[in-house]
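*Asks:* Sharing the feature lines straight out of TrEMBL:
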- 216-416: domain 'Major facilitator superfamily (MFS) profile' (DOMAIN)
- 47-69: transmembrane segment (TRANSMEM)
- 90-120: transmembrane segment (TRANSMEM)
- 169-189: transmembrane segment (TRANSMEM)
- 225-247: transmembrane segment (TRANSMEM)
- 253-274: transmembrane segment (TRANSMEM)
- 286-305: transmembrane segment (TRANSMEM)
- 311-331: transmembrane segment (TRANSMEM)
- 352-375: transmembrane segment (TRANSMEM)
- 381-403: transmembrane segment (TRANSMEM)
Amino acid sequence: MQSLFAHPRDFRKLWIGQTISAFGDKASRVALPTVALLSLGGTAWDVGVLAALRFLPFVLLGSVVGVWVDRTSRRKIMIWADVGRLLAMGYVPLAYLLDILTLGQLFVVAGVVGTLTVFFEVAAQSYIPALAGPDGIVAANERMQTSRAVAEVGGAAAAGGLMQFLGNALAILADALSFLASLISLLLMRHREDPAPAQDKPRSALREAREGLAMLMADPRLRNLMFATTTVNLGVASGAAIMLVFAYDYGKLSPGVVGLAFAVGTVGLILGAITSGAISRKLTVGRTLTLAILLTGLSYLLLPIGGRDAALVTMLVCQFLTGFADSVFNIHTLSLVQRITPPEMMGRVNGTALSVVWGTGTLGGLTGGLIGTVFGTLPGLVVAAAIICCGAVFVIASPLRAIRDGAHEPMANAVG
């Protein structure tokens, strides 16, 4: 049977490596703050700084990193990013054993890993279309999303077990080894990219970075996809911030129950990743995007509608539905960007998109706090749901509505 992918063996190697790396990354996101708190006497502020150093590089560097990705081999960028992350994470258990580990060193490690992860993610998202081919992009993203979703649960559980048996700092060795697995998978790949087209004259990185945003704005499909994603992310991040207040202060739920709800959300993520392709083939991509957005918004409305008495049930249902819809939406959004964007612009467009996504997620958390304070918990959830549903307007009132499978969507005209 002929494979769906253009380079099935190389994609399989990348997928396996990224699956292992996703488990290790999730484990380190649990283990690093634990080391800071329990082994180095850190505070809640220190944990917040560690988290910020992991995600801020996406907001600040995505567009510029995209320029590098378009200028050179994406596979080589991923290889060097894995080498750097392997060394950075491997330093933590070594320094701990030598009794020289400090909070400052943890901050440096988190910043280095966060920065190199931006390089890796932008390069990986830009490299997948070459390995998958136009007909295999959705299936490739389904597999990647499924691995990430499973790692959200399995990685955290693995981190707990490793910290229990090896100690907090030594558990971080698992993340270092996961980067080694990813590195080996990349080195074993046989596919080589075509060299980047030669430039008539040198151009500044800033100008090339602006071209990524220019392309997103110039093509009506990419532009409305970005507006839809930005609106949805803003509403989801706002609703997620208010949801915790709803669960603890209004619904009087225990941390264990809230943790169960988030676990159910992960089940929704996995199911959405597995079925997203089948759904779009049945409904078309345009309708799938619209329904995923509306399902997310309506899920948040269940919380104020159910009230205090049904808080447990509505939390579980809301988390499952939002996880499912989020997975479907993300897979098709990323797949459309990869199909529409010309290969020579892929890094800049993906880098800019990542900056926008992470930036609106950060802004959404602050917006949620403001909305909850001004309007109250239940009205705040209604406002967040309304913001999410507004994202569907950018799909319905744009060329995105007419996209059936996306496989034969014409590429955008390169900005030059």
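Along the chain as shown, residues are numbered 1 onward.
Each Cβ is built from the backbone N, Cα and C atoms, and glycine gets one as well.
Curation plays no part in TrEMBL annotations; they are all automatic predictions.
Please situate the listed features within the shown structure.
*Replies:* Counting residues 6+ beyond its ends, the transmembrane segment (47-69) has Cβ neighbours under 8 Å at 29, 32-33, 36-37, 77, 106-107, 110-111, 113-115, 117-119, 121-123, 126, 205-206, 208-210, 212-213, 346-355, 357-359, 362 in the same chain.
Long-range contacts of the transmembrane segment (225-247) within the same chain: residues 216, 253, 257-258, 261, 289, 293, 296-297, 300, 303, 311, 315, 318, 322, 326, 329, 333, 336-337, 353, 356-357, 360-365, 367-369, 371-372, 377-378, 380-381, 383-392, 394-395, 400, each at least 6 residues beyond the stretch ends and with a Cβ under 8 Å from a Cβ of the stretch.
Cβ atoms under 8 Å from those of the transmembrane segment (286-305) belong to residues 228, 232, 235-236, 239, 243, 246, 276, 279-280, 311, 314-315, 317-318, 321-322, 324-326, 328-329, 332-333, 378-379, 381-382, 384-389, 391-392, 395-396, 400-404 of the same chain, restricted to positions at least 6 beyond its ends.
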*Asks:* Under 8 angstroms, Cβ to Cβ: which one of 169-189, 311-331, 381-403 has the largest number of such pairs with the transmembrane segment (90-120)?
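*Replies:* Per the Cβ under 8 Å count, 169-189.
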*Asks:* Could you tell me the mean pLDDT over the domain 'Major facilitator superfamily (MFS) profile' (216-416), as a whole number?
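*Replies:* Residues in the domain 'Major facilitator superfamily (MFS) profile' (216-416) carry a mean pLDDT of 86 in this prediction.
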